[in-house]
Every structure is written in structure tokens, then in C-alpha cells.
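Student: There's a structure below that I have some questions on.
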Amino acid sequence: MGKFLKLLVLFCAVSFALTLRTEEEIRRRDEMLRHSDNFTAAFSQEYLRYKETGVRTRQLEQMLAMMQITKEFARVEITELDAEAAIMSCVACRATVGLLLQQYRSGARDKEQIIEDSIGICIDLTSYSVIVCEGVIRLFADHLIYIVDARPALTANQMCSMVLQPECGDPDPVFDFTINVSPGPPITGPKSGSIPRNANEIKIIHITDPHYDPAYLVGGFADCPDPTCCRRFHGMANTTAARAGRWGDYRSCDSPWEVVEDALEAAHRQHPDAHLIYITGDYIDHGVWETTHAGNMAILDRFYAAVRRVFGNKPVYPVLGNHEGQPTDQFAPSHITDPVISSHWLYQHSANAWAQWLPASALTTVRRGGYYTVNNLPGFPRLRIIGLNNNDCYRMNLWVMYSRVEIAQQLQWLHDTLLAAEAAGEYVHILGHILTSGSSCFRYWSREFRRIVDRFHRIISGQFYGHSHNDEFNIYYARQQHQTAINYAWLGGATTSYGGQNPNYAVYFVDREIYQVNEKESWYYSVTEANLNEATRPVWRLHYRFREFYNLPDLSPASLDNFVTNTMSRSRNALRSYREFRSSASDFVMNQPCDDNCLRGQLCSVTRNEINDNRKCNEINNFPLS
Ligand SMILES: *[C@@H]1O[C@H](CO)[C@@H](O)[C@H](O)[C@H]1NC(C)=O
Ligand SMILES: *[C@@H]1O[C@H](CO)[C@@H](O)[C@H](O)[C@H]1NC(C)=O
């Protein structure tokens, strides 16, 4: 069933929420959603008639034309699509999943027939090659059918509300869950204060989203109709414009090995004095229709070995990204042991590979669920690192629809670990792949995570994520006091240019008392420039120092909030420079027009902590810009 909808998706991740829906658009969406059951019924009737007669009515052709999934859909988050496209993707999801689910549950079509129907619908609704449609649907079928069999009450509308959150109705309450949060002192004000900058700061390199594609073909075809291009599968480019460069491509292309290796070597060359290395996931390519356990492990092995070779004995703290799952995005609970759908292979592999960086005591939870905590770091006695596997919050992880029990367990473990850290007088850095806010994590997970941040914001000194490919940040506001800034997260960007940004990595300067970030630097190279000088290695440049550039007194949550609320939200220049920073000065992004509304849209991605909670964002995105 609706695996085709998997495909429409993005398995990838790209930035979130640059488009603010107007009241009128929301009204129109709700109106269309009210009619969608009838659309589903009509589509089912026409489609089944076609399966019977082999003839497509004009009405069926029209419906299929309406439901076309653009390639754009695979590239951006749903909240970035225009309102029309977002609504139609929801209608299409409900109609196709509704049809397939009904046919499967009623016994009218068996598993193989449902797979074939799904492949047919994928070919009808997307530009993707037959090989891509077939590959994706066959890879995901076992997972989806297991879940549908185990959850006979699951409806198509519920499934679409999860996968297409928040554009397909409110996420269904059937997916809700809560954890136990211990009582703590009330939040009395924003989190402020910092240790003055000093020569003794800890220097941390943050590398994320390398997306190494072993099938990348320099000179290959970058303009293909599939979710990922520039691969051997697509052959050589027939024009100069369509040619994949040696140093990456702004289109839907991952990175060749040289790009991955160059980023690691550049980071080490420019910062040989770094103390810690944070690596936040998505080592695997976007060839989502042909991933295998062996293929993923080969990529991971090559990447980890390069990290080790380049950084030597430096401490490295890795986490898993949604692309490490196989098939992509899928993270089954631990009691699922069937090797076809289980995630044990990945957790075993991670425990073995990470044993070179993590103490044995941290590996128990890696084996169980791909997450860990480490304290008593040599030289940093009061710093605790928590590496989450928060891909279980991802709306594309179908297992969220199966059960939230283990998802809750990891969050409860996070809570309990923070409680122990608080008692021990430690400060904590949280590493994860997916920003806990925004549209990628399903709403109930974001809310529970927020409750934890509310409770422990005093000791959470830093949060570090990847996934969006944008070099950006997100301020956490207290749930009950939406103007009170209590924490924030840095997103590292990406060393791949998939998604249209330039490759980058970040460097943080952290004090040794409360372990808060005192300054953030970003380093990047221009894909355009590098490919014009293909024979030589890219020129890496310092892009900005955040605190210095915006002239901030410190980088506490209160200070960042003050900047966003009083400066950034009113200044075209500040919003423009932030836009440039987010894409690491990508020509692809900067050559697109961005009017005031587009500039202001960035404020939501900075201030939203839970999808549909736009309280802070609505307060600051209407100021006149000067
Ligand atoms: C949906 O179809 C039913 C039955 O044909 C009809 O009674 C109902 O008014 C329709 N609903 C909408 C919202 O069009
Ligand atoms: C290049 O190949 C693409 C895809 O096969 C095709 O659509 C296009 O027309 C070709 N262009 C030239 C100049 O041959």
C-alpha cells in the first residue's frame, strides 16, 4: 500500500518551513480535505474499473493528472511546497493509500498484486524511472505490510496525517504518547549568562550529512528525472550544462568519495587543534531504490575509516541519520527480529564500528537502539555527551505507526540520563540527526522532547543536529511561556551539495565551565568555483563567525532570542545574510529571488519547536523590514 507515497517523498530532508500558509490557504486546504473522502471513493471506482477493463476513463486520466507528484516534492520538505502542491499531495496520498489499503484488507488483491498496483501508480504519478518505482516499492513493501497486518485499525487518513504532517490534517491522536517528566523548579526567565571568551576554550568540529554515493559519476547526467542523479545508472551527460562536476553538483546529486574525503581533510588541516569531533549522520546516498545492508555497511566502513585516518586519536562522537536505515528511514523496534525488516544489523554494526571511539559502557544502548551517553571525558570532567538515534521521530519512519513504546523508552532514557547528570553537576551536549522541532519529527515526539528541554534546560548547554543540509539554528522556547528562550540547537549544514547548498562544516568554541557555545564558525567551498577549477582541490574559506558577524554580547539563549526578536525580524540585511549563511553562499540558492515574505519565512524555522505551534513566529514575522 501506498509505498508509492514513500517515494514521493524525500527520504531526504532538506530545509523546512520557508513558506507561511495564509489564512486563505489554510481555509482552502481544510475545505479540500473535507472533500477528499469523496475524491478517494471516486478514484477507487475509476481505478478498479480500469484494472478490470484495461481502459482508462477521461475522469481517471484527469484525476491522475491532478495528483502528479513533482520532482520538487522529493527535494524539499512539504511545508516548503506551495499550498496547492501540498494539498494535492495529501489528496493523492489519501486516495491512493485508501484504495490500496481497502483492496488489501478486503482480500480483493494479495500482497504481490498490491505491490504491482503500487508500482503502476508510482509510474503514473511521478517522473521516476520504472526501475526506481519498482525498487522503492519492493524495498518498503515488507515493512509496510507487516505494520498494516499488525495494526488492522490503521486508516489511510491516519497514515497520511503522519507522513505528510502538517499538511494532511492534524497528526492523528492515535500516534500520541507521553513520558514521565520529574518535577523541577519553575521556569522563571530566559536562560542567560555565559563565560567570557578565553584562550582555554574547547574547539569542536561538526561534520554532517556527507551522503557518500559510491555510484557518483564525474561527468554523469545531473538532470535526470529520478530522486537522485549523477549516478552511473544515468550514464554520461549529453550536454555541458547537465554534467556532474568532480566537486559535487547543486542538483539532486550526492557526493563522490573525493568530496567526502576533502571535507574531512580540510577540517583537520584548518583546525589541527580541535579537541572533539561531532558527526551527525546521513553517511549514505539517496539511491533509495537500491539500498542494501551490505552496501550501507560498506559506505559506513569507508567513512569511519577515513574519519579515523584523518583525525587520528581525537575523540569522535557519531550518531545515526535517517539514511543509515535500510530501507531508508526505517527503524524497527528491537523485538522485530525478522532479518528482512529488523534494524539489528545497523545497531550491531554501529556498536562494532563505534567501539574505537566510545567506551564499552556506552555500547549497550547502541546495540539496543543506536543511542548512547558518555561522561568523564578526559580533560572535560563535567561534560556529558548524549548521542540520540532520533530517527524514530521521523514522519517517514513507518514504524512510528506501529508502536510508540520503544520511541518513548529512548526519550525516557534521555530524561533519566539528564536527571542523573543534573544530580552529578554535569553539563550536557545532545547530538542527534534530526532537529527536534520543525516538520520532520512527528508532533507528539517534538512535544515530549520539549517537555524534557523545559525540565533540563539549565544543564543542556548545546544541541547539535544535521539533516536539513542548512547551516542554521533553532531557539527553544518554554512550552507554557512562548516568549521565554531557554535553549537552542545548531544545525551543522552538510558536506554534500545535495539540496542545493555549498559543502560546509562548522566549528564551535565552547567554554570549560558550563560548556556553552561561545562562538560558531562555518567553513565552506563554492561548488561553482570548484568545478570551474576541476583539476585542483576546492578552496575552503571561513564563511562567518556568528557572534562576531552579528555583534552579539554572547551566545546564550536569551541573547540569541534578543537578536532574533529585536534585530533579525526587522532587518532585511540580517535576514539576507542569514539566508546566505544557511546555504553556505550557494549560487543555486542565492540566484533565486527572495522577497520580504521569503526572508521572513526563515524566522519560523528559527523559533518554532513543534509543528503547528507558531506563537512566537507569528509575533515576529510581521514587522516592517528596514
Ligand atoms: C460526498 O458524497 C456523498 C455521497 O455521494 C454526499 O452525500 C456528500 O455530500 C459528499 N460530500 C462532500 C463534502 O462533497
Ligand atoms: C539529453 O538527454 C536527455 C535525457 O535523456 C534528453 O531529454 C535530452 O533531449 C538530451 N539532450 C540532447 C541535447 O541530446
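Here the Cβ of each residue, glycine as well, is placed from N, Cα and C on the backbone.
Here's the feature list from TrEMBL:
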SIGNAL    1-19  signal peptide
DOMAIN    86-172  domain 'Saposin B-type'
DISULFID  C90-C168  disulfide bond
DISULFID  C93-C160  disulfide bond
DISULFID  C122-C133  disulfide bond
BINDING   D209, H211, D282, H469  Zn(2+) 1 binding site
DISULFID  C224-C229  disulfide bond
DISULFID  C230-C253  disulfide bond
BINDING   D282, N322, H433, H467  Zn(2+) 2 binding site
DISULFID  C393-C441  disulfide bond
DISULFID  C594-C598  disulfide bond
Student: Among the recorded positions C93, D209, H211, C229, D282, report those whose Cα falls within 10 Å of that of H433 (Zn(2+) 2 binding site); none is a fine answer.
Tutor: D209, D282
Student: If you count the C-beta atoms lying within 10 Å of each candidate's C-beta, which of the disulfide-bonded residues C93, C133, C441, C594 ends up with the smallest number?
Tutor: C594
Student: Between C122 (disulfide bond) and C93 (disulfide bond), find the distance joining the two CA atoms and give it rounded to the nearest Å.
Tutor: 11
Student: Should we count any of the disulfide-bonded residues C230, C253, C594 as near ligand 2, judged by a CB under 6 A from one of its atoms, and which?
Tutor: none
Student: What does DSSP give as the helix, strand and coil breakdown of the domain 'Saposin B-type' (86-172)?
Tutor: 64 helix, 0 strand, 23 coil
Student: By a simple count of other Cβ atoms within 10 Å, which of C122, C253, the disulfide-bonded residues in the record, is least packed?
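Tutor: Across C122, C253, these disulfide-bonded residues, the one with fewest Cβ atoms within 10 Å is C122.
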Student: Between N322 (Zn(2+) 2 binding site) and D282 (Zn(2+) 1 binding site), what is the CA-CA distance rounded to a whole number of Å?
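Tutor: On Cα coordinates alone, these residues lie 6 Å apart.
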Student: Given the binding-site residues D209, H467, H469, find the one whose Cα is closest in space to the Cα of C598 (disulfide bond).
Tutor: H469
Student: Which value does the mean pLDDT take for the domain 'Saposin B-type' (86-172) in this predicted structure?
Tutor: 93
